[in-house]
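Participant: For reference, TrEMBL lists these features for the protein:
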type	residues	note
REPEAT	82-114	repeat 'ANK'
REPEAT	115-147	repeat 'ANK'
REPEAT	181-213	repeat 'ANK'
REPEAT	215-247	repeat 'ANK'
REPEAT	248-280	repeat 'ANK'
REPEAT	317-349	repeat 'ANK'
REPEAT	350-382	repeat 'ANK'
Amino acid sequence: MELLDLPPELLLDIWDLFETTTDMNALVQTCHYFYDKFNESLYNYIIYTEACAKALNYAARRCPKTTTQKLLDAGAKPDNDKAGAPLCAAAARGRRDLIQLLLRHGFNPSIRDEAERAPLHYATAQNHPQIVEALLDAGADQDVQCGHGYSAPIWAIRAGNVQILTQFLNRGPAIVFPWWHQVTPLGWAADLGRTSVVRLLLKRGHPVDGTDIDSDGTPLAWTARRGHAKTVRMLVAAGADIEAGNERHERVLHFAANGGNRRVVSFLLDKGANPNVPDDRQRTALSWACSAWVRNEEVITELVTRGAETEWKNTENGRTPLATAAGLGFDTAIKPLLDAGADPTATDNYGCPPLVIAARAGHAKTVMALLDHAPAVDSDDSENQDTSPSQQNFPCRRYIDVPDRRNCTALFAATMLGYEQIVRILLSRGSTAIETPTCTGRTPLSVASQFKQDVLATGDESMENIWALLNGTFEGDTEPDMRRVEAASKEAKAYDAGPDIECDSCQGGVAAHDIHFHCDLCLDGDFDMCLECLLSSANCYDVTHVLHKMGMVKGRQRRISDELIYQGTTTVPVT
């Protein structure tokens, strides 16, 4: 006997044995007879189980409007929290007819789905202005924020959608700020370079110099930082103040220099921006350009040719723009700064000149840029100049062995930290500080000899090569390997580059194989000091604290002496 020949009562008993909607649906789709017989039962089962919201959501995404209509006719209710998803799904897919159907059945137009987004967010993101209008007519709250704190109007600003943003502004001109960063609507549009949105907001009366709640800057500062030249010109034409500053006295030109866009910097200078006005840490626009995430030496050239001072020191670490660029490995900034007269011997708060700063940071290309800089030759005298490599005038090489206040030279720093390519560069450019002692009496040659076996045990041959280079026994080419110089420079610029331990006195790295001294109290127990700083009478933040001698023991930095080294001690064992 076939299934179709069974009595209806027996078919209903079989139906009652099904435990999933999948099994029920399989039977319903077998033939028209079963569809007519059990389809209503299938919808009723869905309505009175937890599958209701899931079915509505699926129908809104993939099924004809009639499927949703049947679910609603069967008694599907919009009062379930999960029932917000069908309206969101329909809005995302531009199903205006389905939106109207769901709204007529009482679905909340402002409800958020499990992704914490409301229907207005989806309609805005997918550019469905008619659905936006329908939702607003139904009373949707345009100020409802998504999980990231953005309201639908902010989504329209971010997408540059003028039509939908106009719809929101017509309903309510005030736009709710994100909860985590209350930037003005004009600031959002300017930051993203949405010129059409900026034009609309200006026409609607949004203040051109309105700062955000956090007072981080004006819309002009935001767009200047991003390098949106067209938006910058539009805001300036609308009356934006080019000298407006935030609570940290950071000016528009500072943001522009940090953004690395020469056209924006040049435009602001043309409009009268002062390149030598500092922020609260005494950083000028040139300092900002030298520490920019978006590095562009053309910005440096533009600033110095327009009167930016090269010797202005910040209060953060006392570095000039040249020293800042050297410490961050901005090698292409070296030439325009030196051409403008930057002093290669100017020291920072720790007594370090730019060459020592670059060497101990591992920036091989920057060290080379400093030592290989040759001043531009006057065209009238160029025929009389001897331009052979051996005779060229490289002014920075005269200061190649100038030490910091601890009497540490660039050669000592590169040797101690195992920067073989920098050692090669320094020696090939004339460094003779092979046996120049620091304040501890240590020399490049002595530390290379002392630590070469320790470093070699880790599989690193750099210290042994450095030792051979210093004592003249290296077999092979002693010139720097440009391929490795390039690789070393990229490695030094990496986010997590540099030694694991940093001296909190001189801000220099401490080699893993070297000893250092640790304070368990300062900086929440994270204060370290190198040997050279200790013996140059440096202190931690409290002279009553004691310092523990630390060193490498079985591959780990550990306390190597129970003796407490008090601040003010004038002699400590080097080894």
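Glycine too: its Cβ is placed from the backbone N, Cα and C atoms.
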Participant: Is the repeat 'ANK' (215-247) packed against any residues at least 6 beyond its ends, judged by a Cβ distance under 8 Å, and which are they?
Facilitator: 183-184, 186-187, 189-195, 198-199, 202, 208-209, 253, 255-256, 258-261, 263-264, 267-268, 271-274, 277, 279, 294
Participant: The repeat 'ANK' (317-349): which same-chain residues, six or more beyond its ends, come within Cβ distance under 8 Å?
Facilitator: 284, 286-287, 289-291, 295, 297, 300-301, 304-305, 310-311, 355, 357-358, 361, 363, 365-366, 368-370, 373, 375-376, 395-396, 399, 402, 404-405, 489, 492-493, 507
Participant: Would you mind splitting the repeat 'ANK' (317-349) into helix, strand and coil residue counts from DSSP?
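Facilitator: Secondary-structure composition of the repeat 'ANK' (317-349): 17 helix, 0 strand, 16 coil.
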Participant: Counting by DSSP, what is the helix, strand and coil composition of the repeat 'ANK' (350-382)?
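Facilitator: Per DSSP, the residues of the repeat 'ANK' (350-382) fall into 17 helix, 0 strand, 16 coil.
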